[in-house]
Amino acid sequence: MSEMEYLSGFGNEFSSEALPDALPKGQNSPQKCPYGLYAEQISGTAFTCPRETNQRSWLYRIHPSVQHEPFKAMERGNLSHDWDEQHPNPNQLRWKPFDLPSNDQEIDFVQGLATVCGAGSPRERNGTAIHIYACNKSMTNRCFYNSDGDFLIVPQKGKLRITTEFGKLDVNPNEICVIQHGIRFSVAIDEPSRGYILEVWGVHFRLPNLGPIGANGLANPFDFLSPKASFVDETYEDGFQVVNKYQGHLFCAMQDHSPFDVVAWRGNFVPYKYDLSNFMVINAVEFDHADPSIFTVLTAPSNTPGVAIADFVIFPPRWAVQEHTFRPPYYHRNCMSEFMGLISGQYEAKEEGFAPGGASLHSMYTPHGPDTQCFEQSSNGELKPFHIGGTMAFMFETSFGLALTKWGEEVCRKIDPKYYTCWSDLKKHFDPNWKP
Ligand SMILES: O=C(O)Cc1cc(O)ccc1O
Ligand SMILES: [Fe+2]
């Protein structure tokens, strides 16, 4: 898909018509809509939210969304928001790459959702969940929507061809997309596919403030791409399934038409994608290691200023140029929880053992930092300008204390019990007679 097929800009008021003049002129709810369409509003925030944060869109569609049979509970597979399944675990955790479905199974994006960890509650609209998806089948005559929160999807393997009510988004590895609560979408794939999902409850992702950086930098608003209206006008004799995640459980309702029957829409509540290679990297250019907040792509703020429900942070290709500096991440204990994944390449603090498609979790105040090999090499290596290339790691950083699910801690069988040994050989270098 060429870029021309998207609308560009973060948080814009967009208008998009798949047929000419399909949007009503000068009002949202005319007595009769153009082309005999139904008008339907989807709100992303409470009606009463201030203008700065208020989000809603108007959809002009062939059938209103309400036209479906009742929802029935369905199996939720490895999806869970039960944070008391396991005993709390403060250890440093690392997962080997999560499995793709085996060839004898057919698993689509929804069936392939598995929750690793999370905290809080969609009922109270406060919290977050981290999921893995792994699928080998496209969703056919089936869509999904999440009543609980927004999905930030990070493909690691395989392109996602996503059809939404607003139009189509192709999302490749090294791109991400956000599909907000309520929005119906369907995922088609070309190969067995895998990735990570950060779900947030009660808030939408925003661009971080830039402070002294100035008016430009980090993720530029113009690089966020939203779909253009396109619609399906079809009847399904065997029915079309609408799958809903509601309070952590799945439900299914049948209807006889496509949910992707929106001929035109306008508003500022709309899914988007972003290519991580467009990130304008800021870093320390003289000495010391800057905190990773300089790499924040999107933030989902809590009600406490400066504290996020969850941040999406990347570790993109960049030059390391600092002098008289230990350049990799410092050893640290963070009041936030850090879940990391690797899209491609290697992560500078852990060249061994942290593989693309795998993950790590360092919970609040759990000590971590560079492995022994990284420490020795970076404490002694020549400090020439060095390009950290061919890599894309990321972090979901949250102010919540995360609970592991049974799937994340046991069923997936990917936890590396030897992870802690990457620090076991750190030598004592202390010399009481050291002179400056
Ligand atoms: O732990 C990690 O690898 C992530 C991280 C990177 C960094 O550069 C500084 C702090 C931090 O938590
Ligand atoms: Fe860290």
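Yeah, the Cβs are placed from backbone N, Cα and C, and that goes for glycine too.
Predicted automatically and left uncurated, TrEMBL annotations should be read as such.
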(request) Quick one: which of H324, H368 does TrEMBL put in the Fe cation site with H332, E338? (result) H368
(message) Around the Fe cation site formed by H332, E338, H368, which additional residues qualify by having Cβ within 8 Å of the site's Cβ center?
(response) P329, R333, N334, H362, T366, P367, G369
(message) If I take the Cα of H289 (active site, proton acceptor) as reference, which of the binding-site residues H332, E338, Y347 has the closest Cα?
(response) H332
(message) What are the sequence-distant neighbours of H368 (Fe cation binding site), meaning same chain, six or more residues apart, C-beta distance under 8 angstroms?
(response) Q92, Y331, H332, R333, E338, H362
(request) List the residues of the same chain that sit at least 6 positions away from Y347 (homogentisate binding site) in sequence and have their Cβ under 8 Å from its Cβ, in sequence order, or write 'none'. (result) F315, M340, F354, T391, A393
